[in-house]
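Participant: Mind looking over this structure? Questions follow.
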Amino acid sequence: MAKEMEVLNALDVAKTQLYHFTAIVIAGMGFFTDAYDLFCISLVTKLLGRLYYYKEGSPDPGSLPSNVSAAVNGVAFCGTLTGQLFFGWLGDKMGRKRVYGLTLMVMVICSIASGLSFGKDAKAVMVTLCFFRFWLGFGIGGDYPLSATIMSEYANKKTRGAFIAAVFAMQGFGILAGGMVAIIISAAFKAKYPALPYKDDPIGSTSPQADYVWRIIVIFGAIPALLTYYWRMKMPETARYTALVAKNAKQAAADMSKVLQVDLEAEQEKTEVKGNDFGLFSKQFLRRHGLHLLGTTATWFLLDIAFYSQNLFQKDIFTAIGWIPKAKEMSALDEVFRIARAQTLIALCSTVPGYWFTVAFIDRIGRFAIQLMGFFFMTVFMFALAIPYHHWTLKANRIGFVVIYSLTFFFANFGPNATTFVVPAEIFPARLRSTCHGISAAAGKAGAMVGAFGFQYAEKAIGVRNTLIILGVVNFLGMVFTFLVPESNGRSLEEMSGEAEEENGDAIELSQHTGHDIRTAPV
């Protein structure tokens, strides 16, 4: 056991090197694809309504019925939640590496399939889209616990937070890429097939070729994932899984020596001494980590209610404040172009910088401070939008609305959106790390579903202003639950999870049997 700890201690103090950055890119491209796939659908839902739900003689273009819209936007989250729980558990049972490539292939196949459809009528297209987006979400779900766990187990103690946050920060580029691809595709089709606004030409405003636009945008998400599949398969199993779960210190040392320049030796093949292998549903886990798991699940759940309802329904808010013209004043492709342009601007100015601020500061000021600060400012800005909501809808004040709206995104990403992903990968034992991260992430996706499904009905029932007030209260509760989450900055994974204490206990017990103190034995 002491030999296992020596391997892990060597990783904790290893200097930052090229393979750390390679691992960030390999794991990060999964998140790039995740964000692209989850958010690109919000760019094309209005187009789907025009194409498949046009009513002759209607003064307004076709739009998705509320139940269909909720299903198209929310079904991927149902799949993601399922995938997080399943692959999180599988990652602890079979090993991180063995499951990692499988999640990527599911994402690639379902990205392509969701852009295809069986039949031409509205029902066939929507059923096909929802079916494959569920399984796309299932693959995406697996990427959350596996990427976070792999990165935390590869990283050194000093820069671990920044490395895990950098993987997550690739989401920002995925959202940005979704907007840019939509802008390029819609602009190209608009130039080739010009059309008048709906009010001037109800039928001609949606050219038949627009059906290709949403399909190309959706399918494009498969490309970055496919490019990283080979490299993902080449990654060795993490040393912490091999040493602490598979209990093979020699293999762990050999694997890490191939990719990291660390001086490791391990003499024994396997260690038979059992650690304190309490399970997820044991009293011991509840006593040691119960409040931690409540903290990570509750904060992620509350964050995602606010974060996803804001993100998925940006286009509605932009229309409400007049940033995007009314639907009947645009052609179908013009609408896609304008929605994509607005979302890309928000991503460029607030979402992407917020992620990288977290990467820069997480190992300096700690996870707890960033999360608390993020929730605090999200609460403040949400109330600042909600209370004088009528003021913001006036034409002269629209820029101010967009600035404050952007700041809520900035502090979500330089705040709880990143830290809720980082912390569960650091504070639980290796044998339960992937499972607990999956449970925390699944709670987040449950929150996203409340945001995606609930916001649509809340907005219609109580209006945008009251909905924003509710989101402000949700952010405040996130701030309260943050106090249950421990600070992991600068501490080893084994120290945080209590495994270092377990190993020392085993060492003392073994030395009593053998007459040798293996804690101080030469290595």
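Backbone N, Cα and C define each Cβ position, glycine as well.
TrEMBL labels come from automatic prediction, so no person has curated them.
Annotations per TrEMBL:
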- 496-506: compositional bias 'Acidic residues' (COMPBIAS)
- 514-523: compositional bias 'Basic and acidic residues' (COMPBIAS)
- 23-490: domain 'Major facilitator superfamily (MFS) profile' (DOMAIN)
- 494-523: region 'Disordered' (REGION)
- 21-48: transmembrane segment (TRANSMEM)
- 68-87: transmembrane segment (TRANSMEM)
- 99-118: transmembrane segment (TRANSMEM)
- 162-189: transmembrane segment (TRANSMEM)
- 212-231: transmembrane segment (TRANSMEM)
- 345-362: transmembrane segment (TRANSMEM)
- 368-387: transmembrane segment (TRANSMEM)
- 399-418: transmembrane segment (TRANSMEM)
- 438-455: transmembrane segment (TRANSMEM)
- 467-486: transmembrane segment (TRANSMEM)
Participant: Using Cβ atoms and a strict cutoff of less than 8 Å, what residues sit near the transmembrane segment (68-87) while being 6 or more residues removed from its termini?
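Facilitator: Long-range Cβ neighbours of the transmembrane segment (68-87): 37-38, 41-42, 45, 48-49, 53, 99, 102-103, 126, 129-130, 133-146, 308, 312, 434, 438-439, 441-442, 445-446, 448-449, 452-453, 456.
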Participant: Looking at the stretches 162-189, 212-231, 399-418, 438-455, which one shares the most CB pairs under 8 Å with the transmembrane segment (345-362)?
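Facilitator: Looking only at 162-189, 212-231, 399-418, 438-455, the most contacts with the transmembrane segment (345-362) come from 399-418.
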Participant: Can you tell me which of 21-48, 162-189, 368-387, 399-418 gets the most C-beta pairs within less than 8 Å of the transmembrane segment (212-231)?
Facilitator: 21-48
Participant: Please compute the mean pLDDT of the model over the domain 'Major facilitator superfamily (MFS) profile' (23-490).
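Facilitator: Here the mean pLDDT over the domain 'Major facilitator superfamily (MFS) profile' (23-490) amounts to 88.
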Participant: Between the stretches 368-387, 399-418, 438-455, which one has more Cβ pairs under 8 Å with the transmembrane segment (162-189) than any other?
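Facilitator: It is 399-418 that shares the most Cβ pairs under 8 Å with the transmembrane segment (162-189).
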Participant: The transmembrane segment (368-387): which same-chain residues, six or more beyond its ends, come within Cβ distance under 8 Å?
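Facilitator: Non-local partners: 299, 303, 306, 358, 361-362, 401, 404-405, 407-408, 411-412, 414-420, 423, 465-466, 468-469, 471-472, 475-476, 478-479, 482, 485-487, 489.
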